[in-house]
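Taken from TrEMBL, the feature domain 'Glycoside hydrolase family 65 N-terminal' applies to 13-265. Marked as domain 'Glycoside hydrolase family 65 central catalytic' by TrEMBL: 322-689. Per TrEMBL, substrate binding site is recorded for Trp357, Asp358, Lys601, Gln602. As annotated by TrEMBL, active site, proton donor applies to Glu488. Annotation source TrEMBL lists domain 'Glycoside hydrolase family 65 C-terminal' at 698-736.
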Amino acid sequence: MKNYIIHCDWKVIEEGFDPKNNRVSESLFSLGNGHTGQRANFEEKYSGDSLQGNYLAGVYYPDKTRVGWWKNGYPEYFAKVLNAANWIGIHIQVDGEELDLATAQVDEFKRELDMHSALLTRSFVASLPSGKKLEVEAKRFLSMKNQEIGVIRYQLKSLNFSAPLTVTSFIDGDVMNEDSNYDEKFWVELEKEVEGANAFLCMETKKTGFHSGNRQLTRVLLNGKEQLDQPEALQKEKFVGSVFHSQFQEGDTLVVEKYAAICSSLQTPKGKMKARTQKLVEEASAKGFEQLYQEHSKAWELRWETSDIEIKGDRAAQQGIRFNIFHLMQTYTGDDERLNIGPKGFTGEKYGGVTYWDTEAYCLPFFLGTAPERVAKNLLMYRYKHLGRAIENAEKLGFKNGAALYPMVTINGEECHNEWEITFEEIHRNGAIAYAIYNYINYTGDRQYLAPYGFEVLLGISRFWAQRVNWSEEKQAYVILGVTGPNEYENNVNNNFHTNKMAVWTLKYTLDVIAYIKREHPYLFEELIQKWKFNELQETDHWKEIIEKMYFPYDAKREIFLQQDGFLDKELIPVDLLPEDEYPINQNWSWDRILRSCYIKQADTLQSLYWFQDEYDQESVKRHFDFYEPITVHESSLSPCVHSILASRIGREDKAYEFYLRTARLDLDDYNNDTEDGLHITSMAGTWMSFVEAFGGMRVKNGQLMLDPFIPKSWESYSFKISFRGSHLEIQMGEELKIINHNPGMVSAIIWGKNYELQEKQELILNREEK
Ligand code: BGC
């Protein structure tokens, strides 16, 4: 846990330079715009500990798998989003002496991330070992208006010396991923060119053949006047740069402006990189820093208009929630259905930048609630486009007839996770992908999505479940053996309640969808039957039997569903009774001890109770919550949000708040001591969910919006915004509850159990007593 980030409503601020926090700050102050992203590395040389990171969305390398014992069915590789060319480099030498914060004395250091306009500013005074003092201010952003543009304005002032100054502005393609399995470099150089202040570098990934095109145009101004001398061209392997020489006098100010084009062959055709990047940097430098920044901040303002959450009376909480929203918006913009959301986004390399069930289970609600409908739809389309690969994946494991098993981890639809107990067994993910289709349609009302996209995915997943179950003579029921539930702290269990539930629910939902398509699109349905060789009668009869005869482990004494068949054989000792120095157990206990223990990593049975709330009454939710929560260690950052929402459903407002706090500042305060690896981007969406669904009490039931807000005791007021079926609502909760409909058209909502209709621009004010 750390406490060095200054609390502020719209900014993340660090004052004073402590190299020990550098990796953490590099993560916290990361920038991104959906297309590209980077850690907050320094422009000037830094020889201290740092994780240099620039990432291009969707550009990956299949890093050959490394495991102890190979198991049939393991994927050949783990896909990694690649650390790409470092384009921010601006190295400074004063009379041959390098500016390096690891060797200089650093004073007045301040790093500031303005979340409203996604601008990173860093300022400091550095005394070089020779005693020369420089004042530096660096500003940079990754344009949200034109996502292939990055801009830096780096200003230097001589405080006590006159000496020759050399500025080297460069692009370095000789980079590697820290977690490369065989210490391999993944990029080869294709082309480079430097002409004066204009430098271009084109690289290609090994195996996957992606191209990246980076170009920079550097302008240097001495005391406000452009340096007209041609810079020296610098070219090395995988490296291009322009070197500017100046005579620097005491009191002089030098400004380096760097206009960078960052392109990838996902958007720019190979062979067109040179021309495209040239056009981009010319346009950017013609506009200049200020205009580009205005355009960029306008684009951000529009995003905040539909997504901001305001909290009065608790600055730490205010900063925390905005920080979460900010990074989610930096990571995914929904412009390209080939892209998705890695658990660390663009802020680090852990989890390879690839897609997990986190997207469907945690991120989708955020984008449904705050962004245009197409954004969430693209997340669904990503999986739709991978259906063929999910079928191949299932075939590799022995499934037939179009059964689809979506991967645990993927970038292009192929499985790349390789721990058997997760790759083969954590199959509840297939249910999450089916549930996301329901969630999207329930929220947006876009039933058109079902035919053909939603249906085809549901059919593949249903076929998988129908083959994955087996009939138990002993139990006279269908069972699902050898699985790992969301709780990865027990593996290879039988009848994990959540997995069985997801199987049955998917089959039921697919039957509903079939009925809908047959009714509304009969001709299309005929085509789908042919396309998928769907033996409707035979297959759906089998599904119905599974629905009717699925086994769910149940404890009649406690009146709760059990996480898995053998759960009650475990020693049930509440987490509270564990010695404090044994947390987190995943860092202190042997894996074997964890597996045998009752401790639950993250919501498992409770995940089902959250998703299928309408099926369980309050008393039942309470019983399950009271049984499972005390033995849950929340060692996945995805855990507290589900608990916060359920706590609020059962009226435990304090608990709901307590769980919320565990996620809201998770990274800002480095709660788990792992922010240096990158931020917990997908769990940030869980934080948003717990705000809007726990405090705001928002739900959509059968297409009907419902709100049941309460306010945590320590806050004066809060407000949040949601887009719902074309309307844009602002919900303010303070002394009274005020709801404003900002968009044309009427929206109906059930608030504290009563139905209201809100006309355009209408403000509905309710007294808190009405709750
Ligand atoms: C969690 C998974 C999650 C993954 C990536 C793991 O620690 O247990 O549920 O998908 O992290 O966030």
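Even glycines carry a Cβ here, placed using N, Cα and C.
Between Lys601 (substrate binding site) and Glu488 (active site, proton donor), the C-alpha separation comes to 6 Å. Within 10 Å of its Cβ, the residue among the recorded positions Asp358, Glu488 with the fewest other Cβ atoms is Glu488. Secondary structure of the domain 'Glycoside hydrolase family 65 C-terminal' (698-736), assigned with DSSP and counted as helix (H, G, I), strand (E, B) and coil, comes to 0 helix, 23 strand, 16 coil. The CA atom of Gln602 (substrate binding site) is located 8 Å away from the CA atom of the residue listed as 'active site, proton donor'. If you take the C-beta of Trp357 (substrate binding site) and look for same-chain residues 6 or more apart in sequence within under 8 angstroms, you find Met408, His428, Arg429, Ala432, Ile433. Within the chain carrying the domain 'Glycoside hydrolase family 65 C-terminal' (698-736), a Cβ under 8 angstroms from the stretch's Cβ atoms is held by residues 305-314, 317, 369-372, 442-445, 613-614, 648, 653-654, 656-657, 660, 691-692, 742-743, 745-753, 758, 765-768, 771, all 6 or more beyond its ends. With a 10 A radius on its CB, Lys601 (substrate binding site) counts 22 other CB atoms from all the protein chains. Those residues noted as binding substrate (Trp357, Asp358, Lys601, Gln602) have their most widely separated CA atoms at a distance of 16 Å. Same-chain residues that are not part of Trp357, Asp358, Lys601, Gln602 yet have a Cβ within 8 Å of the Cβ center of the substrate site turn out to be Tyr356, Ala361, Pro486, Glu488, Ser636, Leu638, Ser639.
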